[in-house]
Amino acid sequence: MSNISRQAYADMFGPTTGDKIRLADTELWIEVEDDLTTYGEEVKFGGGKVIRDGMGQGQMLSAGCADLVLTNALIIDYWGIVKADIGVKDGRIFAIGKAGNPDIQPNVTIPIGVSTEIIAAEGRIVTAGGVDTHIHWICPQQAEEALTSGITTMIGGGTGPTAGSNATTCTPGPWYIYQMLQAADSLPVNIGLLGKGNCSNPDALREQVAAGVIGLKIHEDWGATPAVINCALTVADEMDVQVALHSDTLNESGFVEDTLTAIGGRTIHTFHTEGAGGGHAPDIITACAHPNILPSSTNPTLPYTVNTIDEHLDMLMVCHHLDPDIAEDVAFAESRIRQETIAAEDVLHDLGAFSLTSSDSQAMGRVGEVVLRTWQVAHRMKVQRGPLPEESGDNDNVRVKRYIAKYTINPALTHGIAHEVGSIEVGKLADLVLWSPAFFGVKPATIVKGGMIAMAPMGDINGSIPTPQPVHYRPMFAALGSARHRCRVTFLSQAAAANGVAEQLNLHSTTAVVKGCRTVQKADMRHNSLLPDITVDSQTYEVRINGELITSEPADILPMAQRYFLF
């Protein structure tokens with residue numbers, strides 16, 4: 001076999017085992033751990049290339065070959081950083097390995113035939129579509145904005161720009177649940193709705209779950225009392241759905257200890273666990289120490305910068321229907337914004353004590369920045385804290401796996417949808433995001449939804465080639481017509497599926513049920529399962545783990561920022 005230089009190989013087929021790649025303009029470097037393609041037998045499409053009839057393409061019928069192959073992809077997922085071909089069949093991942101013609105090539109696990117389409121992933125990073133679990137359904141255009149950032153699944157509640165939806169992620173009652181399920185049937189992303197969990201009558205919660213929501217949201221603006229928390233968790237345990245909690249900032253109905261007592265060791269997803277987004281002041285952050293608490297952040301406080309504190313007061317006043325002329329409203333808002341706990345939040349993510357990131361879309365958070373801000377935090381922590389002690393070798397692979405899990409597999413596990421989405425694994429929906437390494441986390445090169453391209457940057461439609469300016473993101477065929485129904489999923493509760501809600505509402509999209517919501521624990525959070533001994537000083541708000549002060553310096557400059565948005 002002839003040899004070529006490592007540089008020439010990377011230029012032709014993408015990086016291979018041992019090669020290092022910088023992520024965007026951050027200080028994060030990954031190293032390829034394994035290469036599942038076979039040296040000398042790589043497949044590539046194009047003039048004079050391998051994927052031609054009788055060469056890398058076989059003669060089998062469609063039943064015996066992939067519908068789509070992503071060739072020579074560099075996969076970043078919680079389970080590894082690996083070079084491989086990815087095979088897709090019927091909208092799902094059916095193999096990760098070596099593509100080609102099994103009649104003449106060795107080690108082929110993904111047959112290529114005349115029915116196979118090719119996406120050239122040489123020199124591209126491929127990640128699973130992101131899962132955002134904190135969506136305020138204020139406007140439907142959020143779906144396209146999220147999709148262009150690499151988010152393919154959106155979980156939350158709302159009914160449009162109402163006072164309730166501007167502040168809380170709740171779709172209240174069967175009538176609104178039905179309307180929102182029908183409205184979402186045409187969105188180009190997977191969705192799951194959260195009902196309003198603020199009720200101490202279990203029947204009022206059961207009917208919402210039976211109508212189709214996949215979880216119940218408890219929000220302080222509707223009253224997050226111990227009775228409400230206990231009732232929602234009781235119904236959730238009965239019907240296998242998740243409960244999401246925005247707890248009582250004002251400590252009116254109890255303190256964080258009372259909320260934990262009401263939770264009673266049952267699984268619960270705590271939203272914006274730092275507290276600037278809401279929750280017991282000043283110590284809701286201590287909830288991350290408990291094995292049944294699945295703690296997440298929303299992106300307004302990520303990463304901590306010199307502008308974070310100043311930005312929050314006005315955002316909070318608008319989103320939570322507060323009046324700047326009422327002193328009590330201003331005091332409420334100010335009680336949630338604490339520099340000390342915000343400064344600790346990034347570190348808790350880096351330690352793996354906080355397990356998820358999400359947006360809080362149009363309700364203090366930015367729906368198109370979950371991916372970007374997650375990686376900005378990872379960069380800041382690398383710069384401030386150095387390599388993680390778990391790292392082996394001159395790379396950031398452990399840190400990268402920790403951070404990618406925060407918006408892919410961990411939210412999917414938390415909300416009972418990991419059997420369908422959240423990672424690049426066989427059997428799951430082919431929701432895949434391709435990135436040029438230089439634009440990683442900022443601007444995807446291609447977004448594949450259910451095995452078909454749903455969104456991509458596209459140039460002048462009257463151009464002679466696809467690339468002339470102006471180039472901007474445009475919906476592709478997976479987002480149009482009846483194809484979008486086959487390429488997306490609406491998640492329902494098991495009760496709603498049993499009741500035939502999809503048929504009653506004449507939903508056209510594929511549906512899937514959530515499961516395992518009540519058994520998932522912090523220990524199941526991939527790379528993010530630390531249970532710290534954490535305290536907050538009630539006077540100074542200083543956060544300590546095992547007595548050691550946990551803080552970080554605010555950033556005055558960030559990667560993945562202005563230089564990427566000049567065009």
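Placed from the backbone N, Cα and C atoms, the Cβ positions cover glycine too.
Keep in mind the model is a prediction, meaning the values are calculated, not measured.
What Swiss-Prot says about this protein:
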| type | residues | note |
| --- | --- | --- |
| ACT_SITE | His320 | active site, proton donor |
| BINDING | His134, His136, Lys217, Asp360 | Ni(2+) 1 binding site |
| BINDING | Lys217, His246, His272 | Ni(2+) 2 binding site |
| BINDING | His219 | substrate binding site |
| DOMAIN | 129-567 | domain 'Urease' |
| MOD_RES | Lys217 | N6-carboxylysine |
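Distribution of Swiss-Prot features across the structure.
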{"residue": "His134", "record": "Ni(2+) 1 binding site", "contacts (Cβ under 8 Å, 6+ apart)": "Ile155, Gly156, Thr169, Ala244, Phe271, His272, Ser296, Thr298, Ser358, Ser359, Asp360, Ser361, Gly365"}
{"residue": "His136", "record": "Ni(2+) 1 binding site", "contacts (Cβ under 8 Å, 6+ apart)": "Gly156, Gly157, Gly158, Ser165, Asn166, Ala167, Thr168, Thr169, Asp360, Ser361, Gln362, Ala363"}
{"residue": "Lys217", "record": "Ni(2+) 1 binding site", "contacts (Cβ under 8 Å, 6+ apart)": "Gly156, Gly157, Thr168, Thr169, Cys170, Leu194, Gly195, Lys196, Gly197, Val243, Ala244, Leu245, His246"}
{"residue": "His219", "record": "substrate binding site", "contacts (Cβ under 8 Å, 6+ apart)": "Ala167, Thr168, Thr169, Cys170, Asn198, His246, Gly278"}
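Within 8 Å of the centroid of the Cβ atoms of Lys217, His246, His272, where the record puts Ni(2+) 2, the same chain has further Cβ atoms from His134, Thr168, Thr169, Ile218, His219, Ala244, Leu245, Ser247, Thr270, Phe271, Gly277, Gly278, Gly279. Looking at the domain 'Urease' (129-567) alone, the prediction's average pLDDT is 94. His246 (Ni(2+) 2 binding site) counts 25 other C-beta atoms within 10 Å of its own C-beta, drawing on all protein chains shown.
Using a 10 Å radius centred on the Cβ of Asp360 (Ni(2+) 1 binding site) and all shown protein chains, the other Cβ atoms total 29. Residues Ile135, Gly156, Gly157, Thr168, Thr169, Ala244, Phe271, Thr298, Ser358, Ser359, Ser361, Ala363, Gly365 surround the recorded Ni(2+) 1 site, their Cβ atoms falling within 8 Å of the Cβ centroid of His134, His136, Lys217, Asp360, which are themselves excluded.
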